[in-house]
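Trainee: Submitted below is the structure of interest, expressed as structure tokens.
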Amino acid sequence: MGVGRRMKKQGPPPPLDESLVTKKRKAPLPENGVAKKRRTSGEELETRSTIALAGKPANPGLKQSTKGSFGNGNKGQAKKKNAAVKESAVGKPRAQTTPVSREELDEEVSDDEDGIDDPDIMEDELEGVAVGGLDALSSSDDEDLVGADEFLDSDSDVMDSDTETRRGMWSDEDDEDAEEKLTAANIVGLSGRLDAQTAQDDLDAQAELEEDAMRTNIAGDRPKILADSDNDSEAGGTKLAPDLQLLRTRITDTIRVLDDFAKLAEEGRSRAEYTAQILKDICAYYGYSPFLAEKLYNLFPPREAFAFFEANESLRPVVLRTNTLRTHRRQLAQALINRGVTLEPVGKWSKVGLQVFESQVPLGATPEYLAGHYILQAASSFLPVMALAPQEHERVLDMAAAPGGKTAHIAALMKNTGCIFANDANKNRAKSLIGNIHRLGAKNTIVCNYDALEFPKVIGGFDRVLLDAPCSGTGVIAKDASVKTNKTEKDFMRLPHLQKQLLLAAIDSVDHASKTGGYIVYSTCSVTVEENEQVVQYALNKRPNVKLVSTGLTFGKEGFTSYMGKTFHPSLKETRRYYPHAYNVDGFFVSKFKKIGPTAANATGAHVGAGNGVKADAADGEVDHTPVTDGEEQADDFGGFDDEEDQVYIERARKTSLRRKGTDPKARRSGAKANGTTDKAKDVPKVTEETVATSNGDAKADATE
């Protein structure tokens, strides 16, 4: 049994016949996109026809149009084309047609075909003739050969490929010819052209950089800030929503100009114009009133002011203070970490603060919070108590104590020894004060509800006094954004007046002879000079028996010693300012006074009382309490007083006061007459023991008044 066909090995493939493979080549186009037509003479056509009849392959590289009439099967148009080709073969020039674009040329180029020059031979005589090598080609190639007839007559941009005379546009032969043409005679001209081209490229690159600099305001240009804003104001007939990105870009450009005004300012423009423009943009971008924006902007250089406004748009970190009366910071941190709280110490300057980054539980409802182990308190609120530095067994007054964070901090530093008077004028706020004191375990605290201005009369002789005065809140804008618009010039006149009175009352409430104390700390959550440095300067002027001392705080910026033409005492550099953009805490001001002597009785706002340190002896000046006599009254520039006319007003005011208290003025007068104690001059009843015992409820109320 013989070997099957499957066992026979296939032999090697036959050698490749190069005549069967054509070169794929695209004719390049010149720079203008139009190729020059190459005329073919009659002799060349006859030569090619003879080669085709002899069965030899024609010149490779001839491209045909796929859009020709033969491709569409139109025989009439094909014969017409052939006649035109015959005329061109005997020397008659072919008609000029519209040049073909590069896109159309790419569509008309076909792959792997042989070129035949004479369409007559291709159509009439090529049939039945065995051409060597063409039998191996596919039927699609035969169809392409038929379409070549139309290509010869069309004025296509594709040129005939002649291997002997044609070369590619970027061939190595062209480079060799260019090198051969470079001679000593033309080297100067060629190098000059190269230099000129290089210079032009550099100019183009520089122009592009300048254009980019104009768009992005790179250093070295002069931004057209005021001109653009003028155009916007003229074009803005209807008010539209501002472009925030444009406003921010203009703010940064204006700041850059103000930093280097001599180089970057527009010609003929003043610094005041740029300042007015940036204030206008700040009001539009951040939502401040023009008054407050200008007041805050004047506190800083332009770039720092921008950082301050930007910092007020983000909240400060959540901070809690460890209550050392109940736990330690390490134990509290471990307990909160176990509950899924991410935290770390607030800084080296505090031993009780913890900054919270993330919490999986509400910090105001944890068992540790309810047990009084900590209180949520801003980091800036630690600073006044740290500056006060209360000692054990001292008497301390907190004049504005609610909601109780600072009071509990003082109690923790004093370790529940001594006595703390926590006062607040608002009775509703005093409720939260009491709740926090109980929760945090402060046992040495007395809560009272007095007007802080009355405190030197109520009780005095304290070792230390903390006055965290009510203020405008310009340091806590991140918490309360309404401050941006609801603060007016009137507020910055009313609040400093109240703060000055409170500070004088705090100074008078301190015992200068205290062995361990005699200190007053004045703080606000505001950054304006009117509420801080000016109030401190007023206290120094009205109370020469106090001086500023160091706060003992390890960080913070010094207070102003001069501001917008105003000069303050040099010791104000002992005060400390805190900004949100600088320390990531709320805006705050802290100052510390030391009382070195008693307050004079004739001093402004001095209150003579037990233990308040007010000296009333004759050495410091006597106060004449003698009533004004008739002679002096006649010499009055106002012409004296009319007692009868004044009595009418006094009586009317008395009745109004009684009505407000819920007492009938007529019933009071009748009751007084019944008791026989009416004083017609003063109209005040005289109360005796018998009257009190026998009078009714109205009479008892009258006696109390």
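Each Cβ is built from the backbone N, Cα and C atoms, and glycine gets one as well.
Sharing the feature lines straight out of TrEMBL:
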type	residues	note
REGION	1-120	region 'Disordered'
COMPBIAS	104-120	compositional bias 'Acidic residues'
COMPBIAS	153-162	compositional bias 'Acidic residues'
REGION	153-177	region 'Disordered'
REGION	214-238	region 'Disordered'
DOMAIN	308-596	domain 'SAM-dependent MTase RsmB/NOP-type'
BINDING	Ala400, Ala401, Ala402, Pro403, Gly404, Gly405, Lys406, Asp424, Asp451, Asp468	S-adenosyl-L-methionine binding site
ACT_SITE	Cys525	active site, nucleophile
REGION	613-705	region 'Disordered'
COMPBIAS	630-648	compositional bias 'Acidic residues'
COMPBIAS	679-689	compositional bias 'Basic and acidic residues'
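Each of the listed features needs to be described in terms of its position in the shown structure.
Mentor: All protein chains included, Lys406 (S-adenosyl-L-methionine binding site) registers 24 other Cβ atoms within 10 Å of its own Cβ.
The Cβ of Cys525 (active site, nucleophile) has Ser380, Asp468, Cys471, Gly473, Gly475, Val476, Asp586, Gly587, Phe588 as same-chain neighbours under 8 Å, each 6 or more residues away in sequence.
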Trainee: How does the model score the domain 'SAM-dependent MTase RsmB/NOP-type' (308-596) in terms of mean pLDDT?
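Mentor: Overall, the domain 'SAM-dependent MTase RsmB/NOP-type' (308-596) comes to a mean pLDDT of 95.
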Trainee: Please state how far apart, in Å and to a whole number, the two most distant Cα atoms are among Ala400, Ala401, Ala402, Pro403, Gly404, Gly405, Lys406, Asp424, Asp451, Asp468, the recorded S-adenosyl-L-methionine-binding residues.
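Mentor: About 20 Å separates the two most distant Cα atoms.
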Trainee: Looking at the binding-site residues Ala400, Ala402, which one has the fewest other Cβ atoms within 10 Å of its own Cβ?
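Mentor: Among the binding-site residues Ala400, Ala402, the sparsest Cβ neighbourhood within 10 Å belongs to Ala400.
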Trainee: So what sits near Asp451 (S-adenosyl-L-methionine binding site) in its own chain, CB-to-CB under 8 Å and at least six residues off in sequence?
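Mentor: Within the chain, Asp451 (S-adenosyl-L-methionine binding site) has Cβ neighbours under 8 Å at Ala425.
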